[in-house]
Amino acid sequence: MAKENHTIKNEFILTGFTDHPEMKTLLFVVFFTIFLITMVGNLGLMILISKEHRLHTPMYIFLGNLALADSCCACAVTPKMLRNFFSKNRMISLYECMAQFYFLCTVETADCFLLAAMAYDRYVAICKPLQYHTMMSKKLCIQMTTGAYIAGNLHSMIHVGLLFRLTFCGSNHINHFYCDILPLYRLSCVDPYVNELVLFIFSGSIQVFTIGSVLISYLYILLTIFKMKSKKGRVKAFSTCASHFLSVSLFYGSLFFMYIRPNLLEEGDKDIPAAILFTEVVPLLNPFIYSLRNKEVITVLRKILKKEKSQKSLK
C-alpha cells in the first residue's frame, strides 16, 4: 500500500459534478445549451464587428477581443466537461492538464486587462469627449490589446513552469470539472508553498491593478453623469454603466474568490461555483450586456438583417 501511494502520478481523473445518471443528463443539456448560446453570441459579435466598417473603433475592437477571449474560455473548458458527463474514462494526462490551465489562464488574464481597457475607453468617451481621438487612438488601442494577450501568456507561463517542481504521488482524483491549478496543488506530495505564494502575488497584483483601473474609470464616469443637465442622458448613461459594471463584478468577484482568498488549499469544494461563474456564466452574458444594450450594434444588426431579407425577396 505504501509503495502504491508513492507511485508518481501522470494521469488524473476529473470527478466533475455528480455520478447520478439523471442529474448528468440534465446538467449536460443545461451546459450544452449555455455553450451553444455563448459561441453563437460571441462569434456573431466578432463577425459583426469585423464586417461593419463603422464599428472599427477602439470601443468595438476591445469588445471584439473580449468576445474572442470569452469564446476561447468556453472552448477550453466546456467540450471536455460535456464529454465527461457520459464518459467512463474521465482521465486527463498531466500535460493535457497543464495545457488546459495554460490556455484558460491566458484568456482570463487577457480578459482582466481588456475590461480595464474598455473602462478607460468609456472614461475618455464620456468624461473627455473632445479629446477622445487623441487620447484613445487606434494605435494605443492595438497596443493595449496586444499587451493584454502578452500579459496573459507571461502569467500562464510562470504558473505552468512552476508546476514542474511538483510531483504527484497520492490520489489522482481532481475534485473539479476542469483541470485547474489549485486542485493540482492539493494533490502534490511536494509542499506547494512557493507556487501558492507566486499565484497569490501575481494574480493579486493583476486583479488589484485592473480592478483599480475599472473602479477609478467608473467613478469619474459616475461623477460626470451626475453633472449632466439632461435627465434622459443621465438615465441612459447610468443604465449602460450599471449593466457593464454587473458583468465586471461577476467576473472579478469569482476570480478573486478562486485565487486570492485565504486558505486556498483547504476549501476545494468552494472552487466549483466560482469557476462556473467565470468560465460559463460570464462568457454567456457578455455579448448580451455589451452589445444588445448598445444602439449602434442593434442598428448595424438590423441593417444587415434587412439587407439579407431584401436579397431573399428579390430571388
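Every residue gets a Cβ built from N, Cα and C, even glycine.
Listed features, source TrEMBL:
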- 41-290: domain 'G-protein coupled receptors family 1 profile' (DOMAIN)
- 26-48: transmembrane segment (TRANSMEM)
- 99-120: transmembrane segment (TRANSMEM)
- 140-158: transmembrane segment (TRANSMEM)
- 197-225: transmembrane segment (TRANSMEM)
- 237-260: transmembrane segment (TRANSMEM)
- 272-292: transmembrane segment (TRANSMEM)
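The stretches the transmembrane segment (237-260) and the transmembrane segment (26-48) do not meet in space: the count of Cβ pairs below 8 angstroms, excluding pairs fewer than 6 apart in sequence, stays at fewer than three. Note on the domain 'G-protein coupled receptors family 1 profile' (41-290): its mean pLDDT in the predicted model is 87.
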